[in-house]
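A.B. asks: Before we start, here is the structure in question, set down as structure tokens.
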Ligand SMILES: Nc1ncnc2c1ncn2[C@@H]1O[C@H](COP(=O)(O)OP(=O)(O)OP(=O)(O)O)[C@@H](O)[C@H]1O
Ligand SMILES: [Mg+2]
């Protein structure tokens, strides 16, 4: 279903948990809600579900304002972070609950439950109680139970939080595929950037009750609209005075401006590894951290410390070693503005032949 | 080596001490009563228990204990629910008052009821006008039993309710269940084991109540004479075998109930 939210605000006492949030979601999209703890993600989800009443703002499903509808009538499925399965009901009973409540005929309930058990790969576990299942299986029961009554909107609050990395990966792919197949509009909360980037059509970054940015993962990665988003996605370092870096001398024209530089923006290596040697400058390796599939390297350039990755295939660096550093771009921001600046020397290279 | 030997000795000593204590204090007396009641032969036992006043007392006790248990199931479940789910001034005080019937000498409870429901009291006069009397009749016995066993159901239900965070209910709401439906299908089943075991303990305790009841019951043989008072009377009139016969019946009831509670609880842990 098409979801639109306008000026959504919620205060707990004096504390603004959600602050004038606007967004709209097209039918069939999978949206990832991403942001630091306490940002207001759960509060937004609960208001969409009708479990919490907004102080102001409109929630519109399918062009109809639903603020005054109780959760029972919103046609949603909610997957709780702690599963919230009915402990005294079997897997079957849990999945059938919503259908029995909606007074589906017995034979259709049976069909639907069987279908969902098949879909969620729970065959053989129908008669078990929640405490007899593994975490991942409980998770699937929670999905199946939420999906059974054919909701128009699926709300998932950290659906993978309590699951280990490998099963998480599996469930993630499974969720994406299933949602595509059923065409349900879905919103899921996560703390894990990679998870959001991997499965979501669009990501919403929520911080301190504000919607900082909404867009495709690539969009958010490439064009962060606020310093918070720029710093939140990936592992960035902040450089106080970027004009000291080679190729960014122009930044001195904007006093009070800082730069955010992501590891991916920085390239390091011996002089012979660069085509555009003129755009590089000399730095010194400070620390090396092994990251499983690559090195994370800390480099000192002048007074600034930068962080970057280096492939395991390349020549191994050593702390204290002198190397060449090329900064491709920087994300500049001050109190009123933010923009991306490319390395000037890279854009306007002076050819150097060795 | 010597230290493990020593600790083994200690552990053996402790276990034996507890066992001995248990046997001396509980097992021997129980076996003693069973033994004594049968010492004069099975025929004497049946004769004692088929004595009309005896079995009428037992029957009356079971009936009234059952009624009071039902009342406690209703009130106790509601009270437990309210004390856990609602926040209101005085809640903490009320919650600690629940245990009062356990702490109070039951004779004091009997006296309270006597004063509260007697012919001079407002309630007593009011009942009199409606054409029935409470004190020295069966209602007074039920009230005494309800009072003394009041905490059982509440205290058994409360931990189960506390265990449930609100999310199971919320999940039911999002699937379209009304509040009433959610209560019946989600909350009540979660409370049921507590209600059942609380009710059985309350029943068992009500069967055994003496102090509170003896003051308010009237103790008319065959009418308002309950089993524990009957036992007391038999001992007073030196008919020990008559007393033990009824005791054995009550004891057997209690043991059965205890076993049932245990069974239910172990099943719940399994679930
Ligand atoms: N019932 C409540 N009463 C008071 N404050 C609340 C309540 N629920 C949430 N809050 C506050 O509102 C803010 C947002 O909470 P919310 O649960 O929406 O955060 P979140 O983004 O889901 O965080 P997390 O990622 O840790 O789950 C928090 O600071 C929290 O303390
Ligand atoms: Mg949350």
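Quick reminder: no glycine exception, Cβ is built from N, Cα and C everywhere.
Summarising the annotation, TrEMBL assigns transmembrane segment to B:20-45, B:57-84, B:96-118, B:130-154, B:183-203, B:210-233, B:239-261. Here TrEMBL flags B:58-261 as domain 'ABC transmembrane type-1'.
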A.B. asks: When only pairs 6 or more apart in sequence are counted, do the transmembrane segment (B:183-203) and the transmembrane segment (B:96-118) reach 3 or more Cβ pairs under 8 Å?
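C.D. replies: These two stretches do not touch.
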A.B. asks: Mind checking which residues reach the transmembrane segment (B:210-233)? Cβ under 8 Å, same chain, six or more beyond either end.
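C.D. replies: Sequence-distant neighbours of the transmembrane segment (B:210-233): 52-54, 56-58, 60-61, 64, 105-107, 109-111, 113-114, 117, 135-138, 140-141, 143-145, 147-148, 243, 246-247, 249-250.
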A.B. asks: Taking a Cβ cut-off under 8 Å, which residues six or more beyond the ends of the transmembrane segment (B:239-261) line up next to it in the same chain?
C.D. replies: 30, 33-34, 36-37, 39-40, 44-45, 48-49, 51, 54, 57-58, 61-62, 197, 200-201, 203-204, 207-208, 227-228, 230-231
